[in-house]
Amino acid sequence: MMFSTETSCWFIRKVICWRATASIAWSVLLLPPTTAVFVILSRFSLFHPFQTISECLSLLMSASSVFSLILLGGVIIMAGFLTLEYYTVIPTIACSKIALLGQLLHPRQFINSLAHCLMGIIVGWCCAITIGCRYEMLGYPCKNSDGYPQMCVNEYHLIILLAGAFVGFSHSLLGVIHNINYISFQTVQQYKYFRFKGSLPLVVMCSATQAFYSIKNYVVLYFFLGYIPRAWICKTLNLHLDSSIHPLDSIAGLLDLSLLYHLWISATFLLFTWYITLLLFRIFVTEVYTFPVQSSFTEDSHQCLPKVITEKQPMILKFLALQDLALLSQHSPSRRSEVFSLSQPGGHPHNWNAISKECLALLADLTQRLVAYHETVATNGRAKTLSNGSERKISSETSSTEDMMSPRPTFLMKTPTSVFARSVGRSSQSPLTIPFTPDLDSPFASPALRRLAAAPEQGSPWHGSVQSPHVMRKAPKLWSTSTADSLFNGSPEPTPASVPSPKKEATKPSFLVQFLQNRKEQLPEASSQALFADSQAHIWALEGLSYLVQASFTEDQFGVVQTTLPSILSSMLLLQEAVDRHFKLPHASSKPVRSTSTMGDSTYKTLRFALRATLKTALYRITTTFGDHLKAVEMSAEHRKRLQQFLEYKE
């Protein structure tokens, strides 16, 4: 069910659009001082410093500079609009190389790349006009070999225009690879000014570093292919080549330190303006928003926290609501009392019921995803149906949690689709999905892969649950249900060893099929990151629940929390068991190194570690508050044993 129109309108109109507009306005206001710094750096001379400053001041007051600022302001507005259009709070993680290629070739990404190329050309033209001298005009008068006047192409102007397009295109592609459109939320709340001030050195460093590598690649590309756009421009605009100077697609032409410096400083200016726009957008959009817990007016009830927290779209609304829940549960006793309050008339804890149900549903969602992931890895990436015993175990452990919830869809927050490839379960409509299952319906799947991944027969000794990947390498079973039935019935069934092999050998896949199949091999580290891509929501749900339960020990006058305490503890213990099993996998326990040379936010790579720490802290927060009182809480023997470890500080 999609997000209601009424709620979408009020939140987008009153919150997101205004915040995005404010971030773009500040980016435009910062454009004049940024341009002034660029002018000084592009024209500065060590031998004539005062003359350079005087020329820069006169240039900034000229009509051409004003026109350039207007164009740059339009580019900033366009960049802010693209950021608003493409931003996400859940990163899209490609679990294989072919999936990453699919993201880069997506039509939506093509439009984004084209827009950045056009914006790069506009900024390159403004930089060429600002630097002046030999970069100012695309054409200039010259004479041919016979002495007749003609118009020649100014390759110095052209190379800056093409550099802007190349840097814009590279920036767009790197944005997909590094998830530059992903915005994360700060753990420690800061004022906007201090966040901007603290991130400014990173913006400068990332802009200069990426500009250096982009220009390096651009120079190499121009050396080999620069004649193509130059010939096209000459033919289109009826311009000629000046034979008296070296063409720039040569070693002599590119070994111009002044040219290389101006290319690099122009690319740095381009990326800096875009990164400032992105940084301000992140700061404004992720600012804390306070939702009312309850309202005296019925028409405003859709804006209250218990209602907003259950919405699915837009995801920024759900994340801001969960962030507000985590903050109020820690720092606002007056708002906590509204959560614990009863409705009048009727005396029902509607606020607490709505909030706790949504948080428990989020925890149950992540638990089931982890169970499905572990079952897949345990079977070497082969899809398997859960056995009856496994289903009974899971259903018995989650029965107390399900009693807490009203009938609703199992998954309230979808994991990014790049995590999973196929469905698992008894029917094709099962919500559980598997990260490591090969796509057998793909035309690139080899016949051997289809035979290996085919579902085993009911009587096969390979049928059933496999608990370890090492089991697949053991010898065939000597005794099974099928062999016993065959002995008593007198009709032996063929075993895997006795099945005659087909006479005709399988056709060997072509080189292209093998290449694409290898590219589809999934990366375990990326799959684990994608599994926890939305875990910031679960972290806030854990913090909100645990702090509210802790506060209820002294603040809950009506005992509304005590009725759901068994479900909360069971959900947390089930999730911890699933998380502990996941971290026993080799690829899950290795913490990736954060990159400091890109503006892409890499905090999603360590969300699983933050979730594990938050989960353990939440359980300790509850056990230290209630102590031995928890022994009276109804739960299974296994959970009681696990909870005792927390009471004794042994976890």
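Don't overthink the numbers, they just go from 1 along the chain as shown.
Cβ from N, Cα, C; glycine included.
Positions annotated as compositional bias 'Low complexity' by TrEMBL: 396-406.
The region 'Disordered' annotation in TrEMBL covers 385-409 (among others).
Look at TrEMBL and you will find 482-505 (among others) tagged as region 'Disordered'.
The transmembrane segment annotation in TrEMBL covers 24-44 (among others).
As annotated by TrEMBL, transmembrane segment applies to 56-80 (among others).
Below 8 angstroms of C-beta separation, residues 35, 38-39, 42-43, 59, 64-65, 68, 71-72, 74-75, 78-79, 154, 156-157, 160-169, 171-172, 262, 266, 269-270, 273 of the same chain, each at least six residues beyond the ends of the transmembrane segment (117-137), sit close to that stretch. The annotation transmembrane segment is assigned in TrEMBL to 117-137 (among others).
Annotated transmembrane segment per TrEMBL: 157-177 (among others), in sequence order.
Long-range Cβ contacts of the transmembrane segment (198-215) within its own chain (Cβ-Cβ under 8 Å, at least 6 residues beyond either end) map to 163, 166-167, 170-171, 174, 190, 260, 263-264, 267-268, 270-272, 275-276, 279, 596-599. Summarising the annotation, TrEMBL assigns transmembrane segment to 198-215 (among others).
Look at TrEMBL and you will find 263-285 (among others) tagged as transmembrane segment. Counting same-chain residues at least six beyond the ends of the transmembrane segment (263-285), those with a Cβ under 8 angstroms from any Cβ of the stretch are 16, 19-20, 22-24, 26-27, 30-31, 34-35, 38, 41-42, 72, 75-76, 79-80, 83-84, 87, 120, 123-124, 127-128, 131, 159-160, 163-164, 167-168, 171, 180, 183, 192, 195-196, 199, 203-204, 206-208, 210-212, 214-215, 218-219, 316, 599, 601.
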